[in-house]
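A.B. asks: Features from TrEMBL:
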{"type": "BINDING", "residues": "Lys51, Gly52, Gly53, Val54, Gly55, Lys56, Thr57, Thr58", "note": "ATP binding site"}
{"type": "COMPBIAS", "residues": "8-19", "note": "compositional bias 'Pro residues'"}
{"type": "DOMAIN", "residues": "45-262", "note": "domain 'CobQ/CobB/MinD/ParA nucleotide binding'"}
{"type": "REGION", "residues": "1-43", "note": "region 'Disordered'"}
Amino acid sequence: MAFAPRLLLPPRPPLPAPPARASARHSGGVGRTAPELSGPTPRVVVVTSGKGGVGKTTTTANLAASLARLGLPVVAVDADAGLRNLDLLLGLENRVNLTAADVLAGDCRLDQALVRHRSLRGLHLLCLSKPRSKLPLAFGSKILTWVADALRRGADPPAFILIDCPAGVDAGFVTAIAPAEEAVLVTTPDITALRDADRVAGLLECDGIKDIKIIVNRVRPDLVRGEDMMSALDVQEMLGLPLLGVVPEDSEVIRSTNRGVPLVLTDPPTPAGLALEQATWRLVERDAMTAVMVEEQERPKKKGGFFSFFGG
């Protein structure tokens, strides 16, 4: 018999939405203070990579924080059932008492499991389960589909549901992508990450997710100029997907992670923080950037190189 949990109490009157606001650091058009939200809401976006350690959770945390700063309510979902980290990056590790597993077990309501960020009014965190715990098999791969449907039917639905997908392509991946309509594919410019990213892109398309954009993380222009690292243009040509953002290598990432404060909240802004803010604008507007790098114009053209690893 199909399991259909009761996730919410009867709807409550909606609260007024906070006014949209944006930092002067954003790269919108002249006179604009916020991006124009494209498409019906809530938009369900999965942030995935395939390979672990490429910055997927860091990207999720910063996209969520940047959306909230723009006045767009967002629920960030940590879909890793046993090894969650999104709460650490958002500084909420001591406030997660209830999870989606508790909701589906009937122990609490969904709104009780949402953890509100201290300083960002529109940002809430939902963890799939407690650390080192496993989901009951009866929940299956539809757990996040039920959660997304419940948030959509709620009295005050968010503008975005961001799902931080676990690494790999096993059952956790299937669960995370099930409710998604869009995907942000995070990769680094190395051959191991790119091979995994290419595989994940194919799996996403097979699942019906056609709106896939890539973020190239940890780019070092000095290595690109020396042909020791692929450029963002190389990566885009190899994967054949629109480019959402290019994030440079930034030592502030480690400090930000240890403090539990997303890079986009750092003042003065860091290079990586600025790049992630700009990526958020493109995400909101369903836009993409053109990967024309200065390094491409400066470095000489040679045969072989990185593409030779892939038979190109």
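From the backbone N, Cα and C atoms, a Cβ is placed for every residue, glycine too.
Automatic prediction, not curation, is the source of TrEMBL annotations.
Worth saying up front: this structure is predicted, and the values here are computed from it rather than measured.
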A.B. asks: Averaged over the domain 'CobQ/CobB/MinD/ParA nucleotide binding' (45-262), what pLDDT does the prediction give?
C.D. replies: 93
A.B. asks: Got a sec? Which of these binding-site residues, Lys51, Lys56, has the most Cβ atoms within 10 Å?
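C.D. replies: The largest 10 Å Cβ neighbour count belongs to Lys56.
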A.B. asks: Here are the binding-site residues: Thr57, Thr58. Which has the lowest count of other Cβ atoms within 10 Å?
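C.D. replies: Selected from the binding-site residues Thr57, Thr58 on minimum Cβ neighbours within 10 Å: Thr58.
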A.B. asks: Relative to the Cβ position of Gly55 (ATP binding site), how many further Cβ atoms are located within 10 Å?
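C.D. replies: Looking across every protein chain shown, the total is 21.
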A.B. asks: Under 8 Å Cβ-Cβ from Val54 (ATP binding site), six or more apart in the same chain: what's there?
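C.D. replies: The answer is Val186, Thr187, Thr188, Ala193, Asn217, Arg218.
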